[in-house]
Amino acid sequence: MPNKILILFAHPLFEKSNVNDVLVNHIPDSPNITFHDLYQEYPEFDVNMQREQELLLLHDIIIWHHPMYWYSCPPLLKQWIDIVLEHGWAYGKEGTALKGKLLLQTITTGGRKENYCSTGRDRFTIQQLLEPFNQTAKVCNLTYLPPFVVHGTHSMTTEGYIENGKLYRQILEYLENKTITPEDLSGYQYFNDWFKTKLG
Amino acid sequence: METGLFFESIIYLAAAVICVPIAKKLGLSSILGYLFAGILIGPFVLGLIGQQGEDIMHFAEFGVVMMLFLIGLELDPYKFWRMRRFIVGMGSLQVLGTTIILFLACLLVLKWEWEATLTIALALTLSSTAIVLQTLKEKGLSQTSMGRSAFAVLLFQDIAVIPILAILPLLADGDIQNKGINESLISDLQGWLQTLIVIGTIALIYFAGRFIIVPLLHVVAATRLQELFTGAALLLVLLVSYIMQMVGLSPALGAFMAGVVLANSEFRHELEGDIAPFKGLLLGLFFIGVGASINFSLIMVDPVFIIVFCTLFNVIKFLVLLGIGKIYKKSSDQNLLFGFALSQGGEFGFVILGFATQLNLMPTYLASQMMAIIALSMIGTPILLFINEKWIDPFFGVKEKDSGNKYDDIEDENNDVIIAGFGNFGSTIGRLLKTNGIPATVLDMDSDRVDSLRKMGFKVYYGDASRLELLQAAGCENAKLFIAAIDNPTVNLIVVEMIRKHFPHLKVLARARNRSNAFELVDMGINQFYRENLYSAVHLGVDALVELGHRRYTATRQGQRFIKYDEQAVLRLSQKRHDKKAFLMTAKEEIEMQEQLLKNDLYAQLGANDHAWESEDLRKENLENSNGDKK
């Protein structure tokens, strides 16, 4: 049984993002993968809770795909989290709707990977910065995987975009068709690093 | 005379109504139907109309006049500039090539006087705009590469008539005999002076049109009377034609000039729509006239000469056209069609021959023979095309399929978006699009507005958008989006209905006055309707909530939900309306529906859909937990 993947994509200026254009274009055309463009669906931030919850129930792996803005996600994804992950449904005593599902973040940053450490410009590692998301996932009974990150997009060439696009496609195909044992990934900061070991 | 005209009208119309459907049934073009109708009622078969159809021809020439007016309207200088290579290249090759070959052939074989020979060669070179364009339109070939080339050649010919008619007086050696026939005011003057006056008149019409006619049309349009505008359009055509006739030129040329003058004005599409029905009817009459005017007794005197000459001149024209097609690298099937379509003589031939007779350039008998030959060749064309279509063309594979794409740059005014109605509603849309760099073609009924908006740089056309001709002219065939934003909801509905019927590919975004108006749009399959009051009313309602102490964001979310819910309710209720089989919404039913909506609003418990940022549940759970701990 292939896994059903829901990509919740949030980018307020998608038409001007080169890297995300390439990444999104590399998403495999599969009946098991749903690409859900939040800024296209809810330009007025009126996220439809019912519809979103139904979508979540139909999928096994949830991906929050967004650029890193001010060490967080774009506001509409936060709005989505606020509205959709409801008490009594996603968390709380009776909130078990998402139990057993996997959560992956696909993140793009303009700055380079080296900046994201205690001695770097951004002072924190990606893992540290994403703790709020990790914790949200935990509260909602989701299994949080290390993030897939594309760093340094401001200084990236077209070849770089395409290389990452191809990688994203491989990852999605892997997630679709293979079973993931979350414990295997526990030592990894980045999904990228773990996936390298799978590629051999 | 009154009863005579009455009776004649009945005969023409009856002949057309009987013959044209028969021709259509047989798979022939309607033109052939008209032509045979003419032969049938003409003096040589049933004899229902007298004097060899001359009187009809005189009247029906107006069909050609109007067709030329319409062609002129098409020929705005910009479009003409883009087509220049085809018009000048193909056109001049055709006119010069055919004239020279015909002239030499006739001079060698027939030994007429050279002036007469040249006149005949020139007359026969010109093809029949009426027959060719009408046939192409009927067969849907106007937009193929061949159709465009044919149009280009015809256009050049139409223009070439002007110098040809100007040159003819120079060929004449001055002793014009038939002063009685030539009614022109200037025919007593010397040849060169006549030529000068003719050219001067053309220039005069051009400038007068620019600075007098367009402002006058504005005045007429401001009355908002459709029929008055139609009247003004007809008056314009008649007037210019009359002036041209006064100086001894064909009225068709005058109309053509008038057309060119107005091609750039905002009234172009409206004029097209107004004149087109008259043109169609009169052109039919013209074809009947051609049929009726064929002088069979003249043909019978020397049938061999007529038939052989007619065939030969057709073959020569055909071969020259094939050669031109080869030069311009046409595929064989397109080229054959091109050759056959333009191989006949045309109505300008009559004009030139008539003029030449007046100038005494050739004997009347010879001119009549030539006219008969031209008429015969005109009848021949639809038959030739029919033969080509059925038996020759199938041998040459590759049909042009992607018609319309090849020479798209020839078309002007091909905006993706068309906005009908440019009042407060439509203009707001137009401005928003313009701010985002999207040009839109705009149709509007208010000529004052049209004028001022044009000054502001909008492409606005004056006209009644519920007319198919205007919609076609505005480019509905190639547009992607049609925005129906007309102030009057009834007119708006009619326009939407036209679009759905004739341009089903076109996506429609429609303005709706109110709920029942929206229902009617839903019935036409329009799901994207925008009630003009809903959004501003909801905004006001939201502000009212804020005034009463609600937080603005919460009130705004309520407004968003209200709009969404109301939109869905319209779709649902429009179905229900049909269950009731209610064709008209009475005031009472409208009230019932309002009540139903209010109740539904309560059922849906607007705002209870999600609990984002509320903490009641959380507190309760915490309380339960702590209570549990205590136990």
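For all residues, glycine too, the Cβ spot is worked out from N, Cα and C.
Just so you know, TrEMBL annotations are computer predictions that nobody has curated.
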Of B:31-50, B:231-250, the range TrEMBL labels transmembrane segment: B:31-50
Would you say the transmembrane segment (B:279-298) and the transmembrane segment (B:116-136) are touching, if the rule is that at least three C-beta pairs must lie under 8 angstroms and be 6 or more residues apart? yes
Below 8 angstroms Cβ to Cβ, which residues of this chain, lying six or more residues outside the transmembrane segment (B:6-24), approach it? 30, 32-34, 36-38, 40-41, 48-49, 56, 284-285, 288
Determine whether the transmembrane segment (B:87-110) and the transmembrane segment (B:365-387) share at least three Cβ pairs under 8 Å, counting only pairs 6 or more apart in sequence. no
In DSSP terms, the domain 'RCK N-terminal' (B:414-531) comprises 50 helix, 25 strand, 43 coil
Confidence summary for the domain 'RCK N-terminal' (B:414-531), mean pLDDT rounded: 85
